[in-house]
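J.: Below, the features straight out of TrEMBL:
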DOMAIN    86-204  domain 'Alpha glucuronidase N-terminal'
DOMAIN    208-526  domain 'Glycosyl hydrolase family 67 catalytic'
ACT_SITE  GLU365  active site, proton donor
ACT_SITE  ASP438  active site, proton acceptor
ACT_SITE  GLU466  active site, proton acceptor
DOMAIN    528-751  domain 'Glycosyl hydrolase family 67 C-terminal'
Amino acid sequence: MLFPFNRICRTVGSQYVAEIHASRHAGTNMKAFLHRLAITGARSDKDIRARPMHPAPRVHAWMTMLVLAVICVCMAPLHAEDGYELWLRYHLLATQQAAIYRSHATQLIESASTPTQTVTRAELLRGLGGLLGQAPPSSDAVTSNGAIIVGTPGSSPVIAGLHLDTKSLGHEGYIIRTVEVNGHAATAIVAHDDIGALYGTFHFLRLLQTEQSIDHLDVTQIPHVKLRVLNHWDNLNGQVERGYAGASIWDWWKLPDWRAPRYTDYARANASIGINGTVLNNVNAGAQILTPTYLQKVAALADVFRPYGIRVYLSVRFSAPIEIGHLKTADPLDPQVQRWWRDKADEIYKLIPDFGGFLVKANSEGQPGPQDYHRTHADGANMLADALAPHGGVVMWRAFVYSANGEDRAKQAYDEFKPLDGHFRDNVLIQVKNGPIDFQPREPFSPLFGAMPKTPLMMEFEITKEYLGFATHLVYLGPLFQEVLSSDTMVHGKGSTVAKVIDGSLDHHTLTGMAGVANIGTDRNWSGSDFNQANWYVFGRLAWDPTLSSRTIAEQWVRMTFTNNPAFVKPVVDMMMGSREAAVDYMTPLGLHHIMGPNHHYGPAPWDASEARADWRPVYYNRADHQGIGFDRTRTGSDAVDQYAPAVADEFNDITKTPETLLLWFHHVPWDYRMHSGQTLWYELVAHYTQGVDDVKRMRETWSHMNGYIDPERYQQVATFLAIQQKEAQWWRDACIAYFQSQSGLPLPPGFAPPQHSLKYYQSLTFDFVPGYSSW
Ligand code: GCV
C-alpha cells in the first residue's frame, strides 16, 4: 500500500506531528527519520547522525515534512498497520512529553552478560529508540542527569551502591525509583533477579507509551500469583480447538531447526505482561507430544522462551504409557506405569531443565483418566506429581469433569473434587474453570473456590471467545474476569474473595496459579481482531495482580495499542467496558446459559435437543416451557446452591435475593414473575435482548467517530467487525425471542420489534466449516 498522502497532511499540522502510520519496521524507521529530520534540520540520515538534536524553527520543520511526504507518496510502498506489534508499539512520541522523557534518558547503564540481560537491553534500545527517536548511549557510570540504570545488585556495581532491599522482591519483583547517583538524578529499574529487571523494563516502557510522568518514580511490584500461564488448545496438526485466529503458531513440522522470529515476539509480549508459563498443546492431548521427536521440538521452544522467564508445560494424555509406552495399562497404582512416568519426566528434564510440568484433562469429555481403573483423581494426579517432584515440576489437574449420570452438570466438579481436599501432593494444583459449567458469557463463580482449603486452586479463564462471538465480536473480557475475581465466597466471612483463593492468601498457599486459554494464532494480528488482543493483555495483567481494575488496564491497552489522544481513549475505553454486558444481553441475559449452537457453538439454538447427551442440549439448560424458564438449582431443585458457603447459598436459594443477572441460573421462573423494575420476566427478557442489540449499535456509532484518530487499516477492520457483531446480535435476539415466545405463548410487549424471521427460519440454519471446531 502507498504511504497515504492525506494522512500525512492531516498529521503534519496537528500536535501529533510524527504520528505517521506505517509498519513496524519501515514505519518506525520512517517516522523516526522524519521526526529527527524535522527537528534537526538535517538533509539525510547520515546528516542526522552527525548533527546534535536541537529545536528547529517550526516552519522549517513543516516544510521539510511536506517535501518528504510528497517524496513518500511517489516512491515508498510501505506496509499497513496490521496489529502485529500488539501493545508493544514503540512509535515515536511527538508530544511535549517526549522532550521531558529525553531528558530522563541521557545514558543507559546496564549489563548484557546473561541471556535475560541481553533481551532486556534489546527491549530498552528498541523501546527508547522507537518512542524517543533514539536510544541513549550505554555507559558504565552516571555522569549526568537522566541516566537509566537497569539490573540487579549482582549485575551492576551502580545498583549495588544504591543499597535497595531487593531480597524482599523475590524472584520476579522489581522497583522503579527516581534516585540520585553522584549528585545526578537517575531512574533505577532494580530487581533481585534478572527476570524482575526485564519486567521492570517493560513497566518503565509502558509509562512512556502511556505518557505518564516519570519525574518522581517510586514503584514496587511483586506478582500476586506464582504461575501465570497460557493454555494453548493447539493440536499437533496445526489446528486450534476453539481458535479463531488462524492456525497454531507452533510450526511443529519445521521445529526444532526453524525457530520462527514470531516465537520471540510471542515471548516478548507475554513477558511484558508477566506471563511466565505456556502449555503448548491441547488438553485433549495426543500421546505423540511425549515422544523423543516432539520433545526435541518442545525443547527448542523452551530455549527461545527461557530468557523471557517463560517455562513450557505440556498437556499429557493419561493413557500415554499404553499408546507410546506399549504397557498394558495406565493404572496409576501400577508400578510399571509409575516407572514409565518417572522415566519420561527424567527424559524431559534432561532436554528442558526448567520444564514446568503437566496439565491434565482426565475422565472428562471422553479423555482417559484414573477412573478408568477405579482410581480417584488424586491417585492420578499424585502419580504424575511424584514423577515430576524430583525436578521441581508441578501438575495442573483440571476440575472440568462431568458425565451423563443424570446429576446437574453444574454440581459435578464440586461433588468429585471436594471430598479429595487434602489428598493431593504438594506440587499439585487443581485448575478450576471460573464458573460451574463452561465459560459462559455470565456464570456465578465455581463453588469449588473456597471449598478446598487444603489444596491450591488455580483459576482457568477462557481468553479465546468460544461463547462470546469468536473473533469478530468486540467483547472486552476484563469486566468478566474482574467480576469473578471479586466475587465473595464468604467461606471465612465477608471479603473471602475468589481473588484471595487464587493468590493463596485466604488459605495460606504459596503455590498459586492462573491459566488463560489462549486466543493466539497465525493471524497477523495474533488474536483474530485488534480488540481481542486486549483480552490477552488483561489476562496477563490480572494474573500478575488480580486486584487491578479492568478499566485501568483497558485504558493502558488502548493508549499503547492505538493512541494517547484523549478524544479517542475515553470513548473507546467506555465502549470496551460496556461490551461484555452487551454480549450477555444479546446472548444469555438474566442467567440464561448454554443456548448456543451444538458442537461448533456458533450462534443461538435455545431449541436444540439434537445431542445424544441431555447435558449437552440447550433445552436442558433453559428449560423454557409454557409456565416459565430457567434451571431450578434451589434446595427444592438440584440443590446446587448448597455447594456454596451458607450465606451465599441462602442468597442464591431465595428468588428475591438472587441477583437478577443470575436469576435463571438458579431458578425456574414463571413468565409473569414481577422483576425489580415492576415489569414481568417476559418483558424484561425481551427488553434485555433488545438492549444488547442497541448497545452494539451504539458501539458502532462510537467507533464511527474514531475515524481519523488511528490508521485506516485497523479502523476499517474494527468497523467491519462491529457491523458483523450487530448483524449477529440481532440474530441472537430474534432467534431467542422467537423460540421463547413459542414456549411462553405470550405476545411481544408493546414497543418491541418482532423477530425479522420466523422461528422455523432460525431453526433451519446450519453451518459447515465453523472455525475452532472440527471432528478431529
Ligand atoms: C478442550 C468445552 C469446549 C471444548 C474444550 C472443553 C475443555 O467443552 O467446547 O472444546 O476442550 O471445554 O475445557 O476441556
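Cβ from N, Cα, C; glycine included.
Looking at the shown structure, what environment does each listed feature sit in?
T.: GLU365 (active site, proton donor): 12 other CB atoms within 10 A of its CB, across all protein chains.
Of all Cβ atoms in the protein chains displayed, 18 besides its own lie within 10 Å of the Cβ of ASP438 (active site, proton acceptor).
Around the Cβ of GLU466 (active site, proton acceptor), the number of neighbouring Cβ atoms within 10 Å comes to 24. Look at GLU466 (active site, proton acceptor): DSSP puts it in coil.
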J.: With DSSP as the yardstick, break the domain 'Alpha glucuronidase N-terminal' (86-204) down into helix, strand and coil residue counts.
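T.: Its residues divide into 44 helix, 25 strand, 50 coil.
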J.: Let me know the model's mean pLDDT on the domain 'Alpha glucuronidase N-terminal' (86-204).
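T.: A mean pLDDT of 97 is what the model gives the domain 'Alpha glucuronidase N-terminal' (86-204).
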